[in-house]
């Protein structure tokens, strides 16, 4: 038997170069003991970075969950808590606490006033964070939900959607009782003002619409009118057929009347509306580079200003009827704003943080108590990432430095610390490399120039006009004495390194390049590569072929044809025997350089193959594609080894370190990712099995939603989604019940044998699983299996459980309730099974005694637990009052507010002392 070839696994090591993800948002957070308005949490791909905006440095980061490393994340800052909540494309994750799985598509909005999220499949899912499970799924919108707001004092929910509707939901009855149809286009944002007495909505036009909300009074019956009408004679004649109820059914809960509108200065659609914690300041931004700030005035101030306007006006005043007065046009950046958040200080200063589309964070301050206030920029965070997409990456020869270049800057990073070493301005870079010695770098630009930079000084040494078209590829010669370049001007040029005297510094010498030869071709050159022995030169052309020439004489040697679209990337193995080509036709072909024969053609990616590189001193190579994936292949066995997923947009390029231990990749999401080679071997059969499971789970998610038998589809539906985990959990429960049946049967046979023998026989041998659990009983083992099922997957696991297992489960539930074991969990499972299998259970005569016993035992145990919880709650409240009275301190939020007040007074005292001094 031959020796099996061993592959080592590459795993994600770090994400850097990104400040905010492509669909991310930003939120102010307060770290423990930190200053308010100083730290912001930004969703960066699947991570959350916490930045200190004053020092412009990263304070901490929330790592990703292993199940969601391929998804983008959104962050929601919770008040008054100090932790962020993460919202991925398919789930909600609170770090190290819980994972909520239920969304089939991307989550578009997250609200943590209470747990609620909106996936892109038009549904609204309400979650119970304490129980870690989904309560229900609300259906009614015809397009993606853009925002949802809870009402603090009432169990109501209001949602907006791209279908131009705003819906009001009663969470007690789980139905939509009112639909607002006063919008002509998509509703992108909304906010509640005036203590939830006014709703402001933003759409695709330049108008913000205001709606007055009036709620049903507490002591009023549903059929009673809100106000008795005093009718005249004419009114009595016209309405003699009407009764005393003057409200429509939806107005019995809430009444919504249009109050007016505000015309925004921006003409584009609204991206989001948001307020500070006390709703005193309103922020609105759209797709253009403008942020508008409004002051939300109280009702008496609005009345006073309106009286002044009416007195001053000579003609009929135009009344807009809104309590939001425009303060200022907050800012006009050169890039559109992606997300914004604000806090209002006690002194009346508003601090705002903006996440721009070009991977930049900016902070502004605004005095809201001044009439003609102007926003002042207080900070800008740009050093930690590129403003535009990174199109080229290179590793230094010592595996330490990483070069990344974009349309405006070149950055050099330390691989171990992931910190920026140098940042230099450049032209639009398409290719790059380190000069031997790692003291200079060369970039090829879109305008056809070669730029040489010095790393020590961080300066541009020289810009050489190399080509008349875009310089697509540059390669270092194996003897390290020069480079070759390929361009869209249909030429390949040879260059040699030279040292010349620098005219500015005098006697010092600097590096330059000298043009030596030119190879003229018939088509645009896309990629050039030397063989490591420098015998051959491979050139990929726009006519979908790869031409191979002799390096010394530039004579034609081979033509590699077979791709249907142009070859965008290629590389040659270390022994100069194989050449691998990647094309826009999504295929990778492996050729022999001896005769130009195609060894194998493999379908590599679901989109164009953008980059290909061999691992040094091996026949393994990596490919990067527009399908957001990086794949590793074996060129000898023509096998796919592993797939590296993580990027959220197209992967443009990658670089492998000379040692082969690290891979760096760049994507259109402006992130750079570092992958590290581990000592863990890869078993290809297991990798294929994992891919099949992932495909199966994806098909499950795309399938029909779980339906409770006997229930018709309505506005409310189960919140979870079927997955492999729910199916496996159901299988574990069935296996536990079968073990319980077998053990019960063995015990019955043992008792019969003892009665037949007239003496006590040795007990039967216990199942090894029960022994491993500490010699527990079979019934306790069933409880342990149910208890280990994730709370968010419990109901769906019971839903797929066949009915023949239900009678045994009900009898076990009766035993658990009598013994007081996991009463809350058992009641949850019991009520769900009764709801699902009500018809079969009620018609089964054998289960009547069990159900009757469950009814009495459950009621008594729940009452007992309720009494215990009530007693404990009253006792804790009594202890709190005693301690507060004894020590004159307040707990929790009251203590924090008092501490901040004392701190402010102490600072005022110190300032007064300094002034006197």
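Don't overthink the numbers, they just go from 1 along the chain as shown.
Placed from the backbone N, Cα and C atoms, the Cβ positions cover glycine too.
Annotated domain 'Small-subunit processome Utp12' per TrEMBL: 779-881, in sequence order. Per-residue confidence over the domain 'Small-subunit processome Utp12' (779-881) averages 87 (mean pLDDT, predicted model).
The annotation repeat 'WD' is assigned in TrEMBL to 138-179 (among others).
Residue counts for the repeat 'WD' (180-214) under DSSP, split into helix (H, G, I), strand (E, B) and coil, are 0 helix, 22 strand, 13 coil. The repeat 'WD' feature in TrEMBL is assigned to 180-214 (among others).
Each residue in the repeat 'WD' (383-423) gets a DSSP state, and the totals come to 0 helix, 19 strand, 22 coil. Residues annotated as repeat 'WD' in TrEMBL: 383-423 (among others).
Feature annotation from TrEMBL assigns repeat 'WD' to 464-498 (among others).
Annotation source TrEMBL lists repeat 'WD' at 560-601 (among others). Long-range Cβ contacts of the repeat 'WD' (560-601) within its own chain (Cβ-Cβ under 8 Å, at least 6 residues beyond either end) map to 526-527, 529-533, 535-536, 538, 540-548, 607-614, 616-619, 621, 623, 625, 633, 635, 638.
Here TrEMBL flags 602-643 (among others) as repeat 'WD'.
The feature repeat 'WD' is assigned by TrEMBL to 644-676 (among others).
For the repeat 'WD' (644-676), residue counts in helix, strand and coil come to 0 helix, 19 strand, 14 coil, using DSSP.
Within the chain, the repeat 'WD' (383-423) has long-range Cβ neighbours (under 8 A, six or more residues past its boundaries) at 14, 16-19, 56, 58, 358-360, 429-434, 436, 438, 441, 443, 453, 455, 458, 652-659, 661-662, 664-668, 670, 672, 674.
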